[in-house]
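As written in Swiss-Prot, here are the features:
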type: ACT_SITE; residues: SER180; note: active site, nucleophile
type: BINDING; residues: LYS167, SER180; note: substrate binding site
Amino acid sequence: MRASSPRGFRVHHGHAGIRGSHADLAVIASDVPAAVGAVFTRSRFAAPSVLLSRDAVADGIARGVVVLSGNANAGTGPRGYEDAAEVRHLVAGIVDCDERDVLIASTGPVGERYPMSRVRAHLRAVRGPLPGADFDGAAAAVLGTAGARPTIRRARCGDATLIGVAKGPGTGPAEQDDRSTLAFFCTDAQVSPVVLDDIFRRVADRAFHGLGFGADASTGDTAAVLANGLAGRVDLVAFEQVLGALALDLVRDVVRDSGCGGALVTVRVTGAHDTEQAGRVGRAVVDAPSLRAAVHGPAPDWAPVAAVAGGHGDEGPGRSPGRITIRVGGREVFPAPRDRARPDAVTAYPHGGEVTVHIDLGVPGRAPGAFTVHGCDLLAGYPRLGAGRAV
């Protein structure tokens, strides 16, 4: 059966005058209280939306989420916090629930408050119950860019449906000066709040913590899942697998749509002491200028990439350095092949395609640590992303 939309969810999306003339506000709500799991930015400069949403998920139950695209409302002091709280209060009135059961997320330039007169007028004109579940419209509003392809994925797990919408760094409004990552999943599967939170944290660690776009965390990074249980129980192992695959698909989508140009770069690190070490190495390599030089250089040199991998291994006391090998497209490129006359494997990848780099750290003994990071090769478009005001 084709996945459509999970039962018991309603959606509103529209233009609230936040920025531009396109849809820039979305509300996703469950007809009944839903279990919720969420992860947020690790930045100490978290936006008010993150602070309020952390409070909302503390009891493991939520009714909905509101997303404002085009304004991060971060670095705006007490008044910015009050604005975000008012938005949450207005949405709670529409959904007919306690305001602490509403998550809020924002994305866009930092240092500006919401245009509250316009946002307030828009929300006061919305009447509950909300209409049908137009998740494609919600995805477009979350993205907040006219004419862009919404990032949305659907899947099935037994009788339950899962749906996810997302935006990544550089896929948002304000001329791509936005570094936030937002992702929201809804399902009608029945999963307890504690179990759902555990599952989602593992999924987020594998998917969103494997999203390589620089070391700096955004002020508003938010990923959440709501499960309202209307489809009944599901096999939890299968559910985690389906949710994990859905999240990884979204990560790859937002990387491709990031606006930085070039190829999707997937770095798979194996042979590490543990998953933490593998993830640390993978993220460092994806962000390294040496990787981009190797991908695009006329005479690719993978030794600097190996140096980055080795330098972030952090062997520690009692840990022995391994023998690092690097393969691109299945061909070993480090240590350097003897036949340098042969074209490097990476030249087989067209621009806009996908480059897969496999780094084995070669830690002696049993080394089960492995992690995969997705990023892009950051061509000329990327400096424009960092030149804006949003983070």
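Glycine is no exception: its Cβ is also placed from the backbone N, Cα and C atoms.
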Pop the Cα-Cα gap between the residue listed as 'active site, nucleophile' and LYS167 (substrate binding site) into the table, whole Å please. 8
Quiz question: given the recorded positions LYS167, SER180, which has the greatest number of C-beta atoms lying within 10 angstroms of its own C-beta? LYS167
